[in-house]
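Now, the feature entries from TrEMBL:
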type     : residues  : note
DOMAIN   : A:70-115  : domain 'NADH-Ubiquinone oxidoreductase (complex I) chain 5 N-terminal'
DOMAIN   : A:131-406 : domain 'NADH:quinone oxidoreductase/Mrp antiporter transmembrane'
DOMAIN   : A:612-677 : domain 'MrpA C-terminal/MbhD'
DOMAIN   : A:687-766 : domain 'MrpA C-terminal/MbhE'
DOMAIN   : A:797-919 : domain 'Na+/H+ antiporter MnhB subunit-related protein'
TRANSMEM : A:6-25    : transmembrane segment
TRANSMEM : A:32-56   : transmembrane segment
TRANSMEM : A:76-100  : transmembrane segment
TRANSMEM : A:247-269 : transmembrane segment
TRANSMEM : A:275-296 : transmembrane segment
TRANSMEM : A:372-393 : transmembrane segment
TRANSMEM : A:455-478 : transmembrane segment
TRANSMEM : A:508-529 : transmembrane segment
TRANSMEM : A:602-623 : transmembrane segment
TRANSMEM : A:628-648 : transmembrane segment
TRANSMEM : A:654-672 : transmembrane segment
TRANSMEM : A:823-843 : transmembrane segment
Amino acid sequence: MESIGTFLPLIAMMPFVGALFPGLMIQAGRNVCAMTAAVPTILAIIMLTICAPAVLDGEVLQFSLPWLPSLGLNVNFFLDGLGLLFAGLILGIGILIILYARFYLSRQDPMGQFYTYLLLFQGAMVGIVLSDNILLLLIFWELTSLSSFLLIGYWKHLPEGRQGARMALTVTGMGGLAMIAGMLILGNIVGSYDLTVILENKDAIQASPLYLPALLLILVGCFAKSAQFPFHFWLPHAMAAPTPVSAYLHSATMVKAGLFLMARMWPVLAGTPEWFYIVATTGLITMVLGAVIALFKDDLKALLAFSTVSHLGLITMLLGFGTPLAAVAAVFHIINHATFKAALFMTAGIVDHEAHTRDIKRLGGLRHLMPITFLIAMLAALSMAGIPLLNGFLSKEMMLEEAAHTVWAGSPWLVPALATLGALFSVAYSFRYIVHVFLGDVRQDYPSKPHDPDFGMWAAPGFLVLLVVLIGVLPAVAEPLVRTTAGAVVGGELPYFSLKIWHGLTPALFMSAIAVAGGALVLSIHSVLAPRWDAAPRPEAKQIFDAIARTATVFSRWLTDMLHNGSLSRFAAIFAVAVIAAGLFAWTGGEAGPPVREPLEIAAVPAIAWALLVLCSLGMLVFHRNRLLVLILMGVVGLIVSLAFIYFSAPDLALTQISVEVVTIILLLLALNFLPKVSPKESSPGRRLRDGVVAGAGGLAVAGLTYAILLGDFAQESISAFHLENSYSGGGGTNVVNVILVDFRGYDTFGEIIVLGIAALVIYALSQSVLGGAGGRWLASGELDSKKAGDRHPLMMVIASRVMMPIALMAGVYIFLRGHNEPGGGFIAGLVVAIALVMQYMASGFAWAVARQRVPYHTTIALGVMAACFTGVGAWFAGRPFLTSDFGYVTIPPLEKFELATAMAFDIGVFLCVIGAVMLALDSLSSMARRAGETVNQLPMDIDPARRSVANATDKMAVAAGKEA
Amino acid sequence: MNHWIIAPVVLPALMAAVIVLAMRHHQGLQRIFSLGACFALVAIAIGLFVESASGRIGVYELGNWPAPFGIVLVLDRLSALMVLITSVLALVVVLYAIGSDWDARGHHFHALFQFQLMGICGAFLTGDAFNLFVFFEVLLIASYGLMIHGGGGRRFRAGLQYVLYNLLGSTLFLFALGTLYAVTGTLNMADLAVRVAELPANDTALLRVGAMLLLLVFAIKAALLPLHFWLPETYAEAPAPVAALFAIMTKVGAYAILRMYTLVFGPDAAVTGELTGPWFLAAALVTLGVGMIGVLGASKLGRLAAFSAIGSMGTLLIAISVFTPETTQAALYYMIHSTIAGAMMFLVVDLVRERRGAVGDALVPAPAMAQHGLLAALFFGAAIASAGMPPLSGFIGKLLILDAVRGSEHVWLIWSVILATTLVAVLGFAQAGSKVFWKTTNPEEPSAAAGEDDPAPTPAVTMPRLPLVATGALLAASVLLSVFAGPVNGFLSATADQLYNSEIYVSGVLGAR
């Protein structure tokens, strides 16, 4: 039978594949759309029918495909009696709903979406009942929650629809998540996530200490899905969906998923006291509660919704009893409930559709106006009430029979009494559905004059009612299915039972009689009871849920906004505290080695420099609102750091540091031009104290870390020895620092010059963005309050910079060339040349200077990156890795023999990148200045010296002339 | 010598330089070359991925200097995987940026984008701790530029915070590296691993501080609480394609943690083994919680997406923090998923924002927008992926993590937090989605039954094809990741094994010793 097994994934996939089409085919019309939705369902039904005989013969069809074997998640399907029943219900009622919905939905409703969602849901449901892997089952389980969310919220313009959808998703989603945990535990106990394996391990599961948690978690999932107390409240609110959805999801299928799973797990989970007390009690409470509430609902669909809750409770209770006969009754009632309840929902939908109201108070007397609907509704409702010759009677009798034998905590009468009470109210609301809607006098004030709908609309409920009657009269028809299904639920031999109408004068018959009589009585005094019920205070689940959801949202918003209030100083404070704490934790967990080195003697000059450093830093703290002063102090700090490098014999670093300092300070000075001169006072004293403490602790921590490092030594030999040894022989240079930069770790330098280049590009892009936006308008408005220099481009400076220019360039070239063997190199050379250029710009203005040189700075940067890149790539042609250097000695007369290294080409890249980056940054700042009204001068200096003297002379003469006059 | 290993670094660097040099005034050319480079990068990444699948460690000694004295690039399964994810994401993002004209809203988008890719790929490929710092700098500085691309006051403000916070991180990185070098005298990761293992027991405090600081640096990138504060504003305000690309940036942090804390400071390392003890897990759990609470509490779609990114990093870091091969395998799967889902969410949010005019991404009802139904479907997909619901890859990722942490002593805590936060996220996404897509106001036409089949009430905004292709590609990727979860996990399992057998890496880099 392996070949038949391959139908299983097809049955499950068919609706999903089919879901793609209705949304498209709606363009061809509503009938075509409905038919497109029906085709996959029919195909699935056909395949199921092919499988059915084998299953009814007791076979279990299987299909297996590894999906994620390492997790134990596999595409395993199996079909036994239980799966067959549910798949049949889902697909069978599904096709009826598709038919019904075609006529129910109006032209304004997007029908394509509806069928797409419906088929998605159908596929998910079929997947649940066919899964032979609990992880796969979980996937389908969550899919039902998601697709039902879409279905319930289908009428998205209705607030109730949206709220109901969210509520259903939240509650069933919560259940689903609990179930994930439960299933994982279960799989953990058994060692497999395959359902067939799990079902064989009853003893292992029930003996496990994790049995109870697993049971609870799984039951939460089932109860939430099947609307069991206390999770029942979402179901009535889901009724905001179009009626076909209610009929499908909330009578026949989704809410039965929980029941299905309890039935599926019955062989391994049932039979323990925990199971009995949790499941049976919950079912009992739900049954009674639902029935009572249903009676007092005036909305037809609400009445049916609570009656569904009640009936689900009934089935849950039966499963909870844990006896095989109760399981048989449960299975039978699942079938019966699906038939009559789907029919009832559809009739409610017809009434709503025709009379334009579902309010029982506004209805009555419809039997004359809608005879066909009345007939269907009456039969279905009587079946729900448990009247003989209809299928509801049979299963209700079996339920009462089982209840009569059930002892709850030593009390033999509690369960039967409550079951009878539930049945009594069930009769009452069923009768009410008939009496208050269809009987009585014809009214004149219906919102719309009702009449029977087209055949298409009543065909589906009519067919279901036929089944209701057929099973009710000839219960033997359903017996094979019930037997197979119940056998699958129990997972073993079934005790003797027979589905028949007359069992003799059993206790159940008396209970049933009491229920019918009592129900009729209760209905007769309904008009008395209803106002009291309405007046009685009771918790409104929706309000509680809404309050919780709202509180959670408000709390979340508060917490999130409170934590992320956008205050950078607070973020930084948290950062500092976290880092210090983690650092201390790490330090204290280890052992600090003894100091290896002696501290150096403190000499006078370094001490002075140190004091200056400290003073400047403190000064920055004190005067930090005066930005110009802070910048000057920063310059001092930078210079002292450079001095420190010299003191510790690191001339390369010192050179770099000094030139970087110069460039940075110049750029910052220019940037300051566009900023307020004084930092505003924003922090309260308390905040400053907090920040001070945090900053102080951070400073101390860093100082401590540095001190510890300085007193220690490498625990193992450092790699620097290799660099010293190989600098000349391998890198062709005696300046190890430079060889490290361009050769040993040239790749780092490659990255760093790119960082520099990117920085310049970012500055450029940023300034362009600013100029294009509000910032540009502000600059142009002239509000930038800056005192202009009296003499922007002074003569002395212009002359001096001109003289310095060739010297500085020569120094740059010199520094560049000596780099490989003496302190220097492309980076420093680039900075030196950049400073030389910057001086020209400062002297005569940027625009003046830029007009006199041809290469755009973008290009310089790009060329620099490419030079470095191609130097690196060049090594490939020698079969060496990126950036492998080579060097040799050449003699070009009349020069002496000198060394050429490929590293030099790389260094040219560095050089170009640095120049380009600095100049592009300068360019960006200057473009902002021009926007602020800075004029572009045509001449190298503000005033032509020659003309100035003439002008002065003329002035003096004028003054003199004035005096004389 | 396999030069392809360095191609993911050299190619984008060169391409960026060429774009700046030759076509900075030609938007069309920039697009063509940038897109071409992204395609080439994908091809290269696939090649490297296939090569790494053999299990051999590919080593590339830059400048031909032997490890540990020079810098090495190392291609193992993990780095190849990360480069592959990056390249695919980059391709999708660049398609979106071109199609949505985001790249034309400022200067140098494509150059910065290529530099960004260079930085990310370099960080994944390097086998040298200091070089990692360099490439962190490359990717950060490029990201600064990308983040403020297009300008605007709010974006500048967020960008400033981003820059400053990450400068703190960079400084810390230097402290950490200085400390580690001061103790061990080396920077090569494999060499570090050897030396840390041989460290004398009486001199461990400094090394531990260095290791811890390093972890914090990576935690900043990975948005671990309480070091995540840079993320929400940055991601919410960044241009959409950039935010989508940033989905991989947080993963750089996660990658670096995995790399350093399996190779150098592995769970077996006597000195630093317990450094990542319970606090790391606790912080990850809180990260997840704060992220998903942020999703529920968000008042704008942009922030919702940002907090969902934090939440997903929390989930990822939970799995990482347990440090077993199984959890790492699950973490890697989730990492792929989270990159896809995060990017998708940002792109969808952008599509919505662009169509809602003045309302933007605020979670308030507005008139139905153009392509309303399509966007609703895309958002639904992105939300499902982000919340970790089936049938998209988030669900399998979560199942893998839940299953893998069963060995942990904190399994109940982890399960509770992950499942509870999933519910919070589901609620958050459902509320946001129903506000934006269901609760539409309809000023012109009061009849409420507006659906995707009705003519759009707002002036039609055409849907350019490329953004749709890009977003759809991410959705498809998530589906494929689910469908092919088996083979993917086969590779990831091998990846995790390779990570926890660090001697393979060490001997691959330093040679048999």
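Glycine residues also receive a Cβ, built from the backbone N, Cα and C atoms like all the rest.
TrEMBL labels come from automatic prediction, so no person has curated them.
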Stretch-level contact, the transmembrane segment (A:32-56) and the transmembrane segment (A:6-25), CB cutoff 8 A, at least 3 pairs:
yes
Who are the chain neighbours of the transmembrane segment (A:602-623) in space, where the CB to CB distance is under 8 Å and they lie at least 6 residues beyond its ends?
629-630, 633-634, 636-637, 640-641, 643-644, 647
Using a Cβ-Cβ cut-off of under 8 Å, list the residues of the same chain that are 6+ residues beyond the ends of the transmembrane segment (A:654-672) and lie near it.
627-628, 631, 634-635, 638-639, 641-643, 645-646, 815, 823-824, 827-828, 831-832, 834-835, 838, 842, 918, 921-922, 925-926, 929
Can you tell me which parts of the same chain pack against the transmembrane segment (A:372-393), counting only residues 6+ beyond its ends and a CB-CB cutoff under 8 A?
307, 311, 335-337, 339-341, 343-344, 347, 350-351, 354, 366, 423, 426-427, 430-431, 433-434, 437-438, 452-453, 458, 461-462, 464-465, 467-469, 471-473, 475, 478, 501, 512, 515-516, 519
Would you report the average pLDDT that the model assigns to the domain 'MrpA C-terminal/MbhD' (A:612-677)?
88
Which numbers of helix, strand and coil residues does DSSP report for the domain 'NADH-Ubiquinone oxidoreductase (complex I) chain 5 N-terminal' (A:70-115)?
29 helix, 7 strand, 10 coil
